[in-house]
Amino acid sequence: MEFAELIKTPRVDNVVLHRPFYPAVEGTLCLTGHHLILSSRQDNTEELWLLHSNIDAIDKRFVGPLGTIIIKCKDFRIIQLDIPGMEECLNIASSIEALSTLDSITLMYPFFYRPMFEVIEDGWHSFLPEQEFELYSSATSEWRLSYVNKEFAVCPSYPPIVIVPKAMDDEALRKVATFRHGGRFPVLSYYHKKNGMVIMRSGQPLTGTNGRRCKEDEKLINATLRAGKRGYIIDTRPLNVAQQARAKGGGFEQEAHYPQWRRIHKSIERYHILQESLIKLVEACNDQTHNMDRWLSRLEASNWLTHIKEILTTACLAAQCLDREGASILIHGTEGTDSTLQVTSLAQIILEPRSRTIRGFEALIEREWLQAGHPFQQRCAQSAYCNSKQKWESPVFLLFLDCVWQILRQFPCSFEFNENLLIMLFEHAYASQFGTFLGNNESERYFSALEQILQVFG
Amino acid sequence: MLIDLREEYKRMGLPNNYWQLSDVNRDYRVCDSYPTELYVPKTATAHIIVGSSKFRSRRRFPALSYYHKDNHVSICRSSQPLSGFSARCLEDEQMLQAIRKASPGSDFIYVVDTRPKLNAMANRAAGKGYENEDNYSNIKFQFIGIENIHVMRNSLQKMLEVCELKSPSMSDFLWGLENSGWLRHIKAILDAGVFIAKAVSEEGASVLVHCSDGWDRTAQVCSVASLLLDPHYRTLKGFMVLIEKDWISFGHKFNHRYGNLDGDPKEISPVIDQFIECVWQLMEQFPCAFEFNERFLIHIQHHIYSCQFGNFLCNSQKERQELKIQERTYSLWAHLWKNRGDYLNPLFRDDPSQTQGTLHLPTTPCNFMYKFWSGMYNRFEKGLQPRQSVTDYLMAVKEETQQLEEELEALEERLEKIQKVQLNRTQVKSKQSEPSKHSGFSTSDNSTANTPQDYSGNTKSFPSRSPSQGDEDSALILPQDNLKSSDPDLSANSDQESGVEDLSCRSASGGECAPSEDSGKDPDSDEAVFLTA
């Protein structure tokens with residue numbers, strides 16, 4: 001399939017561009033396979049290079065012979081193009097619509113991008129699990145690297161290498177994988193050097209209505225306990241939701257089978273609730289009316305800050321269990337790919353100074369989000385402006401970044417980076433010239449031969 | 001440290017051809033809540049002033065608050081006219097004419113009534129009210145709509161109730177905050193200040209501001225406008241002067257408003273608190289434009305209520321004079337000035353081209369510009385603040401840098417002296433026909449291991465950040481470019497916590513200097529210089 005087939009009109013002159021915080025620019029608009037480019041061809045004005053994959057929604061308006069296209073981007077920008085000529089306008093609009101809804105990964109820009117800067121480091125190999133494990137193996141001998149998922153056969157959303165207790169062999173891990181949602185058996189997320197306690201994460205146990213149990217699963221997580229001490233299981237779902245999950249084959253860890261573990265339920269929302277929250281938030285921000293009267297109540301109505309608060313409280317709880325109580329914890333939600341990862345990564349930011357450095361933060365994202373199998377492609381397919389039907393889209397990663405920002409505000413001297421790093425990560429998660437956030441997990445990235453292209457990190 | 005308002009008026013360029021000092025109120029006979037020294041237009045005779053004062057509530061006739069040297073435009077303040085439904089006063093109309101004539105180049109003045117229109121109209125029934133554009137030639141009348149002291153008192157009350165909630169949900173907090181209306185009022189005051197500042201700086205039109213009695217909202221709005229217009233008021237001293245002028249001298253009723261005595265509870269209202277918060281909101285928008293920091297504002301607010309200093313006692317200059325406040329009490333300003341090191345803003349740029357004279361507040365989008373000032377309203381609660389003060393940290397870094405630079409200078413001087421000594425010696429030696437010419441320095445002198453070239457070479461070329469590092473600055477932005485990059489070593493033991501961030505209880509507040517920890521990072525011979533010195 002040629003991109004050229006999708007481009008009806010590759011170029012239009014005398015287009016006026018309106019962008020927030022910039023003066024209006026008149027110039028030539030070009031469409032390429034991946035970008036929308038507007039340039040006035042003059043030296044001192046900035047050009048607009050917009051990735052089609054960054055486009056959330058397009059509105060068309062006509063006033064006489066002048067057509068206006070309003071492009072709403074996933075990074076919340078709203079860009080207006082005034083195009084002379086109705087036919088050109090319609091052609092541009094439909095070309096953009098086609099180009100921004102490609103469905104194959106390999107058609108995306110990262111596969112075509114050639115960098116203009118010197119590539120210093122191969123980002124794909126910057127934060128390998130073996131290297132991360134090095135950091136722990138000096139402090140403890142109770143853990144090992146397991147290659148049981150080498151072929152992604154045991155758990156399709158896990159990376160090929162995971163860290164598990166030494167006491168568990170690969171056979172046992174295979175059994176545990178059948179007991180956990182999506183095959184996501186409990187693995188090490190973080191080792192707290194101060195007291196040797198750990199954070200593990202997984203998917204929900206598939207106890208179902210029959211109260212099924214799995215001895216290997218129990219053995220696995222019990223292996224992290226010290227003699228006579230309890231552990232905590234943090235279920236990011238409220239109790240009633242966890243109970244209802246049993247009807248669909250899921251569930252939670254029964255006290256009878258996990259006597260040494262105390263279960264705590266939190267209530268972190270998921271999926272479309274978060275997406276709606278984001279939509280309302282962005283609407284409130286875009287409201288141009290001047291009065292203060294409605295701002296706070298609209299902010300409140302979006303519930304965005306309520307979600308932030310819940311996620312942060314859960315992460316604090318996890319950090320306190322580890323650090324204050326000196327107990328190991330297991331975190332899971334339903335699938336273990338959304339709220340679980342928010343909590344484990346935030347807990348590490350709270351606990352470990354390394355995660356607050358730039359390299360450490362990159363490593364954290366690599367470990368806890370990319371390799372851990374957060375489905376970026378699904379979650380970031382659409383953002384706040386999209387008006388087509390949403391299925392799996394959800395601003396989970398954005399919420400995480402917002403939580404990091406909240407901590408940054410409270411502890412401004414404790415972070416090596418500032419909010420620009422967070423914003424950059426947000427933008428690249430939705431649309432990027434780099435391949436880091438493509439795909440939904442390591443196996444998809446592997447099979448798309450993503451290593452050919454560049455990483456955001458490095 | 002005395003604040004001399006005469007100096008301040010002189011700084012504004014007064015008296016001049018258009019404005020003069022009037023002593024008509026020298027015994028407080030015309031208006032007992034005004035100061036004895038006031039500036040009025042040259043064409044305003046004593047007769048006009050007295051006549052106008054009879055037509056103004058509390059006799060508070062139009063007088064100068066701020067004079068904008070650049071374009072000879074003024075901000076004047078007064079109270080409401082006793083116009084009722086149809087009363088007129090020739091002298092009052094002449095007074096406004098005089099103000100207009102005192103700003104050449106402008107053919108009208110704004111009259112800004114900071115009250116909501118409804119309230120102003122209601123006042124007419126009581127024989128007061130507002131200026132009728134028909135009666136006063138060449139005025140443009142404008143209502144701004146800031147609520148009265150009772151509304152403000154209730155607003156604060158509601159907001160504090162929200163602050164006192166034990167574990168509020170996000171909804172409780174946001175709803176409560178919005179219901180109190182507090183931020184809306186702050187915005188109203190700032191909007192008024194912006195309107196006046198724009199009128200003065202962009203339209204070149206003088207403004208007369210009043211409310212009911214001209215000592216609450218008028219004071220707020222005039223001082224905000226002055227802050228926006230004149231960078232001097234954004235300095236430590238300038239701010240003290242501003243409060244002395246527009247609040248203390250012009251008769252803001254401190255005793256009544258802040259409950260200094262056991263008086264009428266209906267008189268109590270957080271008027272100056274709102275002004276102080278407006279200043280804080282502006283500081284958040286323009287972090288480099290103010291010489292002082294948040295702590296300065298909080299301490300001033302604290303002492304307005306503490307009654308420890310005499311500045312904020314009594315209701316007027318007259319009362320203060322009668323009680324001999326100046327002789328019998330201490331001034332807050334001296335105390336603050338002595339400790340001014342605590343109040344400085346490390347990001348302050350006092351280069352006039354940078355501080356852009358007039359501050360321009362963006363008007364859209366503006367809704368989320370107004371933040372809840374937890375530094376003020378939660379300041380006694382543990383575990384609620386940013387527990388690391390970037391300001392303090394930056395100040396510490398700045399001080400250390402300054403010390404290092406002073407040491408540098410001292411060493412350079414020493415070096416020069418040594419060089420001179422060397423030069424003399426070699427000159428002596430060359431007179432004794434010494435064949436080889438060194439670069440002028442004898443290596444037999446062991447007190448300097450480094451040659452001056454090394455030394456100067458290394459101090460001039462500081463390692464600048466390599467471009468590939470890009471924007472990975474920490475939250476600390478060092479203001480001067482020729483500083484060595486002394487970023488603290490955050491990856492190893494954080495100086496303040498052991499690495500565990502505890503979001504629920506208070507950790508020791510820091511302020512310790514991390515910069516000294518990273519001496520290992522700078523392998524340049526700057527180190528070596530210290531070693532040999």
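Even glycines carry a Cβ here, placed using N, Cα and C.
What TrEMBL says about this protein:
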ACT_SITE  B:Cys211  active site, phosphocysteine intermediate
BINDING   B:Asn148, B:Ile149, B:Cys211, B:Ser212, B:Asp213, B:Gly214, B:Trp215, B:Asp216, B:Arg217  substrate binding site
COMPBIAS  B:439-469  compositional bias 'Polar residues'
DOMAIN    B:1-377  domain 'Myotubularin phosphatase'
DOMAIN    B:180-224  domain 'Tyrosine specific protein phosphatases'
REGION    B:423-533  region 'Disordered'
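The structure, with features from TrEMBL marked on it.
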residue  : record                                    : CB count, 10 Å
B:Asn148 : substrate binding site                    : 16
B:Cys211 : active site, phosphocysteine intermediate : 27
B:Asp213 : substrate binding site                    : 20
B:Trp215 : substrate binding site                    : 25
B:Arg217 : substrate binding site                    : 28
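Rounded to a whole value, the Cα-Cα separation of the residue listed as 'active site, phosphocysteine intermediate' and B:Asn148 (substrate binding site) is 9 Å. Put simply, the two farthest-apart Cα atoms among B:Asn148, B:Ile149, B:Cys211, B:Ser212, B:Asp213, B:Gly214, B:Trp215, B:Asp216, B:Arg217, the recorded binders of substrate, are 12 Å from each other. The record gives B:Asn148, B:Ile149, B:Cys211, B:Ser212, B:Asp213, B:Gly214, B:Trp215, B:Asp216, B:Arg217 for substrate. Within 8 Å of the mean position of their Cβ atoms, the other Cβ atoms in that chain belong to B:Ser79, B:Thr114, B:Arg115, B:Thr218. Look at B:Arg217 (substrate binding site): DSSP puts it in a helix. Residues belonging to the domain 'Tyrosine specific protein phosphatases' (B:180-224) score a mean pLDDT of 94 in the model.
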